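Visitor: Pasting a structure below so you can have a look.
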Amino acid sequence: MLKPEMIEKLNEQMNLELYSSLLYQQMSAWCSYHTFEGAAAFLRRHAQEEMTHMQRLFDYLTDTGNLPRINTVESPFAEYSSLDELFQETYKHEQLITQKINELAHAAMTNQDYPTFNFLQWYVSEQHEEEKLFKSIIDKLSLAGKSGEGLYFIDKELSTLDTQN
């Protein structure tokens, strides 16, 4: 049985994953608007992936006999000055998610909630991959610079980049 503190924290994380999905969907819209179709497709796939992260938490809460609580989610930021700025923000967001997952895993361990700690290990591993993925995109954008040709090739690569890297 989950302690009330863990139920609250799992619900918070579930809602943060929902926000992540909406954020990446909004970023996808920005990319589409600015004709970065490869980046838009990549971010749409990533938005779907974040929704599966939310669903895993939702299912864990119900599987443990608890009620998931979906809260009102704030509108994600929608304006960026460049593709580089947008991906800098994705990286910062993934760092925030990593911090929150680590805090959640720590709370599970502190509360001797070993089943939840075990469940969260998938997220710990996933966040390592997420940060690595977005850091690699930022590095490529930095190498490409602001030239149209460089951005074109990065955008083209993003269209084929698997979110499960």
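Using the three backbone atoms N, Cα and C, a Cβ is placed for every residue, glycine included.
Here's the feature list from Swiss-Prot:
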- E17, E50, H53: Fe cation 1 binding site (BINDING)
- E49, E126, E130: Fe cation 3 binding site (BINDING)
- E50, E94, Q127, E130: Fe cation 2 binding site (BINDING)
- 1-145: domain 'Ferritin-like diiron' (DOMAIN)
Visitor: Tell me which of the binding-site residues E17, E50, H53, E94 ends up closest to E130 (Fe cation 3 binding site) in space, Cα to Cα.
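Guide: That would be E94, nearest by Cα distance.
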Visitor: Tell me, how many other CB atoms lie within 10 A of the CB of E50 (Fe cation 1 binding site), whichever protein chain they belong to?
Guide: 23
Visitor: Do you know offhand how many angstrom separate E49 (Fe cation 3 binding site) and E17 (Fe cation 1 binding site) by C-alpha?
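Guide: On Cα coordinates alone, these residues lie 10 Å apart.
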Visitor: Among the binding-site residues E94, E130, point out the residue whose Cβ has the most other Cβ atoms within 10 Å, with all shown protein chains included in the count.
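Guide: Per the Cβ count within 10 Å, the most buried is E130.
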Visitor: Other Cβ atoms within 10 Å is the metric here; tell me which of the binding-site residues E17, E49, E126 scores highest.
Guide: E17
Visitor: Using DSSP, what's the helix, strand and coil tally for the domain 'Ferritin-like diiron' (1-145)?
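Guide: Taking the domain 'Ferritin-like diiron' (1-145) as a whole: 116 helix, 0 strand, 29 coil.
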Visitor: What's the number of neighbouring CB atoms sitting within 10 A of the CB on Q127 (Fe cation 2 binding site)?
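Guide: Cβ-Cβ neighbours of Q127 (Fe cation 2 binding site) within 10 Å number 19.
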Visitor: I want to check the contact list for H53 (Fe cation 1 binding site): same chain, sequence separation of six or more, C-beta distance under 8 angstroms. What comes out?
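Guide: Within the chain, H53 (Fe cation 1 binding site) has Cβ neighbours under 8 Å at E17, S20, Y123, E126.
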Visitor: For E50 (Fe cation 1 binding site) and E94 (Fe cation 2 binding site), what Cα-Cα distance in Å is obtained after rounding to a whole number?
Guide: 11
Visitor: Neighbourhood of the Fe cation 2 site (E50, E94, Q127, E130): other residues with Cβ within 8 Å of the Cβ centroid, in order?
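Guide: Checked against the 8 Å cutoff, the neighbours are S20, H53, H93, I97, T98, E126, E129, E131, F134.
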Visitor: What are the other residues, in sequence order, whose C-beta lies within 8 angstroms of the center of the C-beta atoms of E17, E50, H53 at the Fe cation 1 site?
Guide: L16, L18, S20, S21, E49, M51, T52, M54, L57
